[in-house]
């Protein structure tokens, strides 16, 4: 005879008598099974039904029933109570606050830019130096910049090719040698609000802007450089009509335009250059470098849709230059709209930002200045103010150098 089948029949008969015809207790069920593990499995469904029917676990997860609850065993790459969270970097950046990579075991590995370290939660980034890049350390009352901060929890960057509705623009003529860019329709910045911004003085005072990338180097637009013209960099500048204690002046000892830049062929293609300073800057709350991510993340940050531009350029088309540092939030413009807005060639190393309705833009004198995207309280360089057709004109946009194309350089 088959003792297994006989035992199963005996248990089934006792179970029906003890727990189905009448309500039984756990102890009574235990007497039937004579095994705690089997009793537990039975009891989970007997008390409140099978919580795994239908299966609440998503993305191929396996369901384990429990009393008044259940547990999902998730497939690799998913997590959460119902395996609903993509544990890779594609969704909400893997919950990393700066950079995310997927390791060999398919687990998310968060990391931080230079000057930051991972917090104990292994997601956030904490400053590791007194004046880390991209952070505003001067205390201000709440500003537009702070309120507009982008957080990864609102962003699935796998869908980041979509951009926000058209907002404001930055411009400079591709034809005229004196059509440098300025901020039109912007706001007065607060002292120390854009501590990476520098002013370039040459044979014309305040002719361009730039961004601090470390104590010895500044990045600007290549078309701002003229052979034989001495350039002075002013960091910590705020009001150009006053000499302020926050200012630091350095001479440029070497200007390095990108090796593909050729002004005789096209003045604004590959419009990026590095400036080496004669003495290191002293970093403080008013003189702080901008963060630069790798190529992938610089492109991701740009596609978030909105960035900030700043400078001392003209405050209206063909008007006077600003004396107080100006800033403006500008939306990224999709490439098709950008190409339709002009007869001038827009190369793949450029992008458009600004407002279709006009009235706000960068303008003459802003060239070389930063286009930054603030992410989780840290600002990253995503563009360089390059050119445009006039300033703040309806249907025209500001054209910027796409920094992601030059990070490795």
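Note that the numbers count up from 1, one per residue, in the order the chain is shown.
Just so it is clear, glycine is given a Cβ too, placed from its N, Cα and C backbone atoms.
Annotated features, as they stand in Swiss-Prot:
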- 8, 18, 28, 31: Ca(2+) 3 binding site (BINDING)
- 16: 4-carboxyglutamate (MOD_RES)
- 16, 21: Mg(2+) 1 binding site (BINDING)
- 18: 4-carboxyglutamate (MOD_RES)
- 21: 4-carboxyglutamate (MOD_RES)
- 22: 4-carboxyglutamate (MOD_RES)
- 27: 4-carboxyglutamate (MOD_RES)
- 28: 4-carboxyglutamate (MOD_RES)
- 31: 4-carboxyglutamate (MOD_RES)
- 37: 4-carboxyglutamate (MOD_RES)
- 37, 41: Mg(2+) 3 binding site (BINDING)
- 37, 41: Ca(2+) 6 binding site (BINDING)
- 65: (3R)-3-hydroxyaspartate (MOD_RES)
- 157: sulfotyrosine (MOD_RES)
- 160: phosphoserine (MOD_RES)
- 161: phosphothreonine (MOD_RES)
- 174: N-linked glycosylation site (CARBOHYD)
- 223: active site, charge relay system (ACT_SITE)
- 262: N-linked glycosylation site (CARBOHYD)
- 271: active site, charge relay system (ACT_SITE)
- 367: active site, charge relay system (ACT_SITE)
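Here the features listed in Swiss-Prot are painted onto the structure.
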{"residue": "22", "record": "4-carboxyglutamate", "DSSP class": "coil"}
{"residue": "27", "record": "4-carboxyglutamate", "DSSP class": "helix"}
{"residue": "41", "record": "Mg(2+) 3 binding site", "DSSP class": "helix"}
{"residue": "65", "record": "(3R)-3-hydroxyaspartate", "DSSP class": "strand"}
{"residue": "223", "record": "active site, charge relay system", "DSSP class": "helix"}
{"residue": "262", "record": "N-linked glycosylation site", "DSSP class": "strand"}
{"residue": "271", "record": "active site, charge relay system", "DSSP class": "coil"}
{"residue": "367", "record": "active site, charge relay system", "DSSP class": "coil"}
Listed recorded positions (22, 27, 41, 271), ranked by Cβ neighbours within 10 Å, top entry: 271
C-alpha spacing of residue 22 (4-carboxyglutamate) relative to residue 65 ((3R)-3-hydroxyaspartate), in angstrom: 23
Cβ atoms near residue 28 (Ca(2+) 3 binding site) (within 10 Å, other residues, all chains): 15
Rounded inter-Cα distance in Å - residue 262 (N-linked glycosylation site), residue 223 (active site, charge relay system): 9
Least Cβ-crowded entry, counting other Cβ within 10 Å, from the recorded positions listed as 31, 37, 65: 37
Spatially closest candidate among 28, 223, 367, the listed recorded positions, to residue 22 (4-carboxyglutamate) (Cα to Cα): 28
Least buried by Cβ count (within 10 Å) of the recorded positions 262, 367: 262
